[in-house]
Structures are given as C-alpha cells and as structure tokens.
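These notes concern the structure reproduced below.
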Amino acid sequence: SCDASQLCNCSSMGLDFIPSELTAKITVLNLAHNRIKRIQSQDLQQAVNLRALLLQSNEISSIDEDSFQSLAKLELLDLSNNSLTHLSPLWFGHLFSLQHLHLQGNSYRDLGQSSPFSSLRNLSSLHLGNSQFSVIRQGNFEGIELLHKLWIDGSNLSQYEQGSLKPIKEINHMIINLRNSTIFSEIVRDVVHSVTWLDVRRIVFSIPAQVQVLRVLSSSFARKISFRQTLLTDATVPEIASILEDMPKLVELELVDCRLLGTGQWKMEIQAKKSQTLRVLTIKKLSIEKFYLFTDLQAVEGLLSLFTRVTVQNTKVFLVPCRISQCLRSLEYLDLSANLIGDLSLEHSACQGGWPSLQTLNLSQNSLSNLEITSKSLSHLGNLIVLDISQNNFGEIPDVCKWPKLLKYLNLSSTQIPKVTNCIPSTLEVLDVSGNNLKEFGLQLPILKELYLTRNQLKTLPGAAPIPNLVALSVRRNKLNSFSKEEFESFRRMELLDASDNNFICSCEFLSFIHHEAGIAQVLVGWPDKYVCDSPLAVRGAQVGAVHLSLMECHRSLVVSLICVLVFLVILLLVAVGYKYHMVWYLRMTWAWLQAKRKPKRAPPKDVCYDAFVSYSENDSDWVENTMVRELEQACPPFRLCLHKRDFVPGKWIVDNIIDSIEKSRKTLFVLSEHFVQSEWCKYELDFSHFRLFDENNDAAILVLLEPIQSKAIPKRFCKLRKIMNTKTYLEWP
C-alpha cells in the first residue's frame, strides 16, 4: 500500500488493528475508515520518521499512554470521529513537532482538569468538540500561545470558565459552532483582542435581544467576521450592522449559506459614519424566501461608499438599483455570478454614474441573452479591465458591439455562440471562447496574448497572422487530426500550445519535426486513448526525446491493413470449418429445439387432430399419395393422416407448420428413400422428430423404407436415428 515517497494508504481496508509491518521508512500512514478499536504501545514504535498519521473514522476507544512516544517528527495527527471518552496529556507528551491536531467527533465531555496540549509548542491548528462536549475549564489551553486555526464544535457546550482561552495570544482563524448565546459571549470576550478572523456558525439572531451577545465585538480587533448557516431577520440586521460599524479594524464581512426572513424593510436606519475600514462584502447562497419583494436597500447606502470588493453569488439577485450602483464609488471588484440578472436589468444596474471605479466584473451564470445589449450597458465603465459573462445563453452574436475602452480580458465560454464576429473587441489580451460550437476562428486581434478554444468543433488551428502576439493557445478537445509544418512555423513565438485530447494521427516524421524544428517552448499533443506526440518540454510526464513510437504509431495504415486481411482470413476459415462440420445445420437445429422447448412436451388430447404426420420427399409423392395414403385412409376404421400438401396452414412459416403438425399427431411416419435423405425439408421434419423421440422418451416415429437404403447413407449427425434402425423394427416396401 506504499508508493515511492513512502506514503502508505491503508484506508477502508476493514482493518481491526494497526499493521505490524511498519518500518522507519514510512512518512505518511493513512488508516482512516477502518475498524481499529485500540492503539497499543508497540503499534507505532518503528515508525520513527512518520510525518502524518490519519486515524479518523475508526472505532478507537483506547490509546496506551506511550503509543505516540516514538513519533517525535509527527506533524499531523487526525483522531477525529472515533470513540475516545477522554483526552490524556501523556498521549501528546513527545509530539514535539506536531502542528495539526484533529480531535472532533469523539465522545469526550471535557478536556480534563489541566491542559492536554501543554507540550505542543509548535501546534498550528486544533479541532475540538462533539455533540457531547459540554465543559471548558481554565487551564485547558495552557501552553498554546499561537494558533493559525482553532475550531470549537460546542453545539451542546453548557459550561465555560471565564479566561479559559486567554492564554492563546493570537488566533488567526477561529470557528465557533455554538447554540448557547451566553457561552458564545463569554468565549468571544476572552478572544476579543487575539482573533483576526472570527467564523460564527449555526447561530440564530431572530430578535434584537439575541444580537446583544455580539456587543462585545465592538471593541474587537478582528479584521474579518463570517456568519455561516445563520438565521437573520429584518429586526436583527440593523442591530448587527450597528455593532459591526463600531469595530475599529473590521475589513471584511462574509455571509455564507445564511437565511434572511424579511424583505429589507429595516426599521432602524443604519449609520455608517464611524466605519472607515470595512472594504470587502461577501454574500454566498443567502436564502431570501420573498426575494421578489425585496426593497431597494436605501437604508444601507451609507455603508457602501467605501467598499472595494463585493461578491453576491447564488442569491437570486435580479436587479441592482441604480442608486446603489452609484453609491459604490470605490468598488473595484464585483461578482454577481449565479444570479438572475437579465439584459434589461443589467442596463438599469449599470446605469450612468454607477460603478465608476470598477475593474473586474463577473456576471457568469445569469440570464443574459443579447451580447449587443450587454456590451452597450457596460461600455461606459471606463476602468473595466476584466469581464466574465460565461455560462449565459447568447447564441448568435452581432457583427459590431460597443465595449469598455480598456477591456483586456473577456470570458465568453459556454455561451452557445456558433461563430465569432468583429463584435469581439480588438483591445483584448486574453479571450476565452471555450465550450461553444465554433468550427473556425479567424478574428484579427493584434495584441491578444492568450486564446482559449477548448471544447469546440475546430478542425484546423486558427491563423497566426491575425494574432501575431499570441503566447499561449489552448485547443484541447476539438477535432484536430494533424498540424502542418507551416502552422507550426507561424506560431514559433508561442510559449505554450495545448492541443491535447484531439484526434491526432501521429508519425515519426511529425514527432521529429516538433522535437528538432518547432520553436515553441511547450507543445501538448497528448491523448487519452489516442496517439501521442509530445514536444521538447514534455507532456503527461514524458520527454519527447525519450518517446519511442511503436510500429502501430509509425505505420498506422499498414498495421490496420494487415489486421483487416487477418480478420478476413479468420472469417473465411470459420466459414469453411462451419460448412465442413455442418455449423448451419446445428444453428437451425438449435432454433428449432428452442422453439419446441417453449411448448408443452405433449399436446393436450383435445389438440391431437391426426393419427400420423407423413414425412416424405416430393419425388416419392406418387407412391405416398396413391398407395400408402389411400390404403390407410380407406381402412376400417380409417386413419386420419396429415400431409404437407393438404393440411399445412397457408401463410405460416414452414418450420412452424412442421412443428405444429408433428405436435398434433400421435405418430410420425417417415417414408425413407435416397430422395428423402437429400431433401432439406425432410431433414427439418426428421430433426424435430429426432428431438421429440429422445427428449420425451416416446415411440412416436415409424420408419418405412420405400427402397433399400444403407444405414451409412443417413447423415452421420443422426447417430441415434441410425441406432434405432439397428435396434428397432421398421417396415420395408413392398
């Protein structure tokens, strides 16, 4: 389970214990998702160079005190989602290099009377808590002065001793998942000056009184506040905003996967005169049930003037009021992706005077459908450099469009455009038109440096003359099957050409040209399940100089021709063998046998219509009809015979007529002669009777030799029939 770098992956193997074959060479050991219940002293003694030990999602309930004693180089220990009922300081006493410790999802109720982490001087991230975790005591975090990340899952935390977290002087990112607002307030009070990014999860702010627990943040030095899976209302939003504007160093506010009950009818107007530091607002997946009734947000205009970055993703935004756009005077970055903005609403949102400083705009995954209106709506944004309008549905695009003068990056990928026109601005340095239905690309873009044409229908490379400054070209997953030397010559200045996942037919001459003559720094012509000709700087892990093409890769046509000839000869041989050994007959017999098997072995008495079915050759019909049939049908009592000439059902398949007639007859009378043996239809009748005779174990067949016939004249495949002629009585005429 170990690779060359001594990373051993033993996860999900159903192990009940730690393997005994561990050596000092192992650096990473993954034992996650097994059934290990105990870690014993000797289990890890030999793994002295272990850097990472992953034991999450087992059933560990017991750890010997000196189990980790030899792991002085261990940097990551993951014991999450096990069954540990307590934490012992002795487990971690020798883990001097430990940086990351994950203990969440166990069964311990507290961290003990003292600090289990006092010896972990290099600890960087600590994950604690579970559904039963209820007590944090003073001294539990002694010895820890600096943490990059502290995650406390205390959904049922009911007791927190004041000052427990004060020993930690600096916490870069603290995640708190609490339900008890009082405990939340006490914890925040202890870290108010030490935490840089406070991440609050699963807390409810439905009434103003609940928001007061955040009042302690007014004096916090935190630069970023995040609310995740939090419930907000029209009554609590103004209260939260008034607290945040008092925070002296707050730069960024983030709301992720939250829920807002209301329509923006905030009773208290927000004053933002105090807040001079808030610059970044991020809102992702904010659920507003009555989003279509939401107000124009006049109440928050005072907060907006200093924002430089705003992200509102997947929140059903269909319009940004013009007044709000005009208030965002300092805005440089705006992400409105995955919303409901259409052509007309964009025209209103990007009104004159709106977003005057905007440099980057993301409108991907919206409801835009007219590229001419979109470009015109944004054309007055004099500072816009980057525009992403991918994953909209533009379809046909016009010949001429009006764009911002400084636009350099345009993303039109996955917008259903069938062809590109002069609507594309000539000022671009980067253009992405991947995932469309383009069959050619012939635009003149004199300063373009990067062109992305992935997932289109191109059969040839775009011309190099109209894009002389191109340094990177991606034409992955198109329909290219070859490059000419002239095409490579025209792209000599490029640094990267990615043409992998196409339909290239490779040759030794082509490979030699790329390797020795083309001046492109890196050429990707790789493939999954196709031929490969990689260039000087290597692709998919192999240097071109080290590539040795096989006979198939160098002489594809010859090899394919030889394979076709061999396949033809094999088919010819099979036909000859089949003819010699009666393969067609066996197939016909199998079909007839399957047909017969689907029917009852014996027809019910009421379905038996004839005394005998007569099987004979047409050349013997004179004797059969004028002699045998006349004698039998005029006997006393008369026999009722079934003859194919007289009794077969018109329009029915002949084989079905034969099978049904034999099934509805008590006996089958075979008139054997040299003509009978040569008759194809007599063979079918004989075949089915052969099955009935030996499958049902009855005496349904009666043989009449019209003329002397040797047993060996009967086909060899009817060996059992020949045996009957040798062992049972048959009639001879006359």
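Any Cβ shown, glycine's included, is placed from N, Cα and C.
No curator has checked TrEMBL annotations; they are predicted automatically.
Taken from TrEMBL, the feature disulfide bond applies to Cys2-Cys8 (among others). Cβ-based neighbour count (10 Å, all protein chains) for Cys2 (disulfide bond) stands at 16.
The disulfide bond annotation in TrEMBL covers Cys322-Cys351 (among others). Within 10 Å of the Cβ of Cys351 (disulfide bond) there are 17 other Cβ atoms, across all protein chains.
Marked as disulfide bond by TrEMBL: Cys401-Cys423 (among others). Its Cβ placed at the centre, Cys401 (disulfide bond) has 18 other Cβ atoms within 10 Å.
Positions annotated as transmembrane segment by TrEMBL: 558-579.
Residues or ranges marked as domain 'TIR' by TrEMBL: 608-734.
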Near Cys423 (disulfide bond), how many other Cβ atoms are within 10 Å of its Cβ?
19
Relative to the Cα of Cys8 (disulfide bond), which of the disulfide-bonded residues Cys351, Cys401, Cys423 has the closest Cα?
Cys423
Check the Cα-Cα distances from Cys2 (disulfide bond) to the disulfide-bonded residues Cys351, Cys401, Cys423 and tell me which is shortest.
Cys423
Over all shown protein chains, what is the count of other CB atoms within 10 A of the CB belonging to Cys8 (disulfide bond)?
22
At a 10 Å cut-off from the C-beta of Cys322 (disulfide bond), count the other C-beta atoms across all protein chains.
16
Cys401 (disulfide bond) and Cys351 (disulfide bond), Cα-Cα, nearest whole angstrom:
18
